[in-house]
């Protein structure tokens, strides 16, 4: 994209103002552009050409910033352009690691008139910020008048100058646009509502309305809505909004409380269910929709008779938030990388982006793979390269997260180098080397020429070991051999020396001689071998006749037998071999050769070195807001080689991924870990590094949390003062942080002194405390300090000194509102009355019942400094009465009365009898119960029962008078009556039963019914509903069913594969009114087959059958394969 045009070059003077000048956004006053001077390069105001692309560039210096800066591009006052990113607006961000400068670019593709206006870019980083403003003005494409009229012609298309058709639009005469006068806005719908129908077409033409049919429909609807409804007192609102998963109430008020109401959703009538609940209270009709989802987003209507009212319900989805953020990743080239994020809802859509470019299944290709697993979303990079370095973002509609990916070149480590060889004719020469990566391939060269494999020369690669084997060595094989790994700037070289043997025919005798060269300095034969590697020392020996060779370690002779430590002898060469060197192999070795002519001896020292042991005692000694100090002890064993330094890793608790903190070796045993998140638990581990390699990781440190001390407690006040104590109260600090509060420390000192005395040994968790043991009459200062794991907060200090002297306060009872009237409770219930009071010094509390000091042991009292409690474990009617509470301080007192009434259910009415019978009516009378339950009788309940059924039916409830008339009795029946008395506790347990009955006599009517002829309904069995083939899942109970009819009742037989199912507990057979069901408990694959049901009676039989298929879930099958 082209860079923005320079405004000064186009003659726009105000656009060329320096960055330090103040710019004005539309609707804003002047503001200062430079706040903290973070910008290195600011975007400038430009004049853009319509249809062209334009790019704005801003650069920010991050060398003095703690956190990565965040850039926002804004238009006008508040419009955030980041949410408008797409084809028209594009954003790009890059970072230069050498200069530590961030470069931000905003590109506007094909500028339009709407892009003109004031813009602002803001950069923030923790407590620092900076902003600058710039203007964009849009002009039409310039038209250059040329002398040659043919040059004004242009051809269509994007090909060369001779392609396409001629376009003469540039020669057309431009007409200046007339300035339209602003006319006042006119409400066309109000004009239409008040106009005659014959004028509709004229008004529509005047105001540019072309859809006449749509206009008439809307106008008809508006008139219908404005018309007063006869059926509705209150209609539905035009629209309702509800969050997904919540419930909503749609309420109307109808004029007729008895009129039926119907509800419709998108034209379909709604039936009552657990989802849709209909309510009718007076004139109100309510439709309640429970657990709203997206399918409930629809149009609803309420229909009463011929009238309707409409509304729309909009269901809002809650934003998807990120519950587990991305972690930064450090890796090497070729490794697999996974970015994992967890969101608040399963099945949610997320957007992955890298450096402002979206990654999806179309653009990612084979390099990136996107994976969903429930709430987890994973971005996978199969083989990381240097091109993958950058910032990766994940976005949801409710949040975002980002992480950095750093990729380093993979270093190849040489574990065993190739060694020089000296061989004789016809012998075998083997060059061997070992590298750290098993996948690395390579080539062998001799004197710069690649070695080709043949029958005599073999090239092998097994694991990390590369071998070049030359059989039947010739003089031409001597030279320099080199192994070069593919893809690495590394080469391993060695020399092959050809040893010619001259045979002397003159026999002679030479004393033995040992040729031992270990390459060590200082004249000492020292050999160093890495633990686990193979040591082979070839020693050339001369002497005639052939000497005898003896190897010893200390006083122990080494045999030539096969073993891990052994001696191999050949002509003139004796080899000392250690397979897989161990620490125990370290020590002094000697070789002695003898023959008749003489003897020779040589000593050598074998030193075994290894990687060091892991560091010990890794722990966190202190923490900060986003940092922690980690210390550890050096390893107990350094592997025989001095420790060069250490590598550190950390991870969040619960995360499986360790993050490297340093790539270069760190020499000290104290390290400050930074850029951590406050309130998150971390743990650390350390590796030791020496010249051999890297140790195993140390044991993880105890979890620690970066936190900072809290701010000082707030609103410290004095609550109470006595002759030797002072009670304090305060509120928690405003800033607590992730460390929370472990407690508070209270200190005091005399006014004018700076010797603070601690009042509590252990921190208190409450926000109040009474300091005791203070001197009477002294003026004391107090302060409170909050304590958490990060340390002590600044103190909160009282502004004025407190004089330690008790304050007199008159006694006062604070009687609760519910006890100011009569307190009523039932027999057997608990009574627990708490009555607060005040007064200083502590008042004397006395309880009275009915004016007499209370001595009843079933009524208990308990008194504290601020309240008294009256409690009865099981209330009885004898506990009813007036209770008086008295509080007294010296000659001052206060009292309060509490009336308690203990009630229970009343006794039954007495003397219930029938006083008169006439027609189908009977008159009853009774007397009130002897026991009214210690409260007023509020009514009676009367029931009747005839002698035939002896079932009781309620005739009257809440009858106030002790008499009633029972009507609508049935002629020819004899009735008994019973009456329950009722008070505020309910109906009496026992009724009062009438002593006599009421007989309703017949009037002499006689009915002679004709004899009844019973109908023959016998029939053979017939299945009215057959069995249906089913496919069920193994492990989930299933059922098959059918229906049969027949008289007499048929006998039912169930069969599987034509075999009768007996009393197998796996099968449960049910017959409910002819509906036959066979329940199969947790079927397996064995339970599949043909099931049949046979019905048999004396008139015949019938049979139906079906196929039952039992299948296994595909997911379970795949897990079984894995």
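From the backbone N, Cα and C atoms, a Cβ is placed for every residue, glycine too.
Curation plays no part in TrEMBL annotations; they are all automatic predictions.
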Tell me which of 1-31, 32-62 corresponds to the region 'Disordered' entry in TrEMBL.
1-31
Which residue counts does DSSP give the domain 'Ig-like' (811-899) for helix, strand and coil?
6 helix, 53 strand, 30 coil
Which range out of 410-482, 811-899, 1021-1109 gives the domain 'Fibronectin type-III' (908-1004) the most CB pairs under 8 Å?
811-899
DSSP on the domain 'Ig-like' (512-605): how many residues come out helix, how many strand, how many coil?
3 helix, 57 strand, 34 coil
Mean pLDDT, the domain 'Ig-like' (512-605)?
81
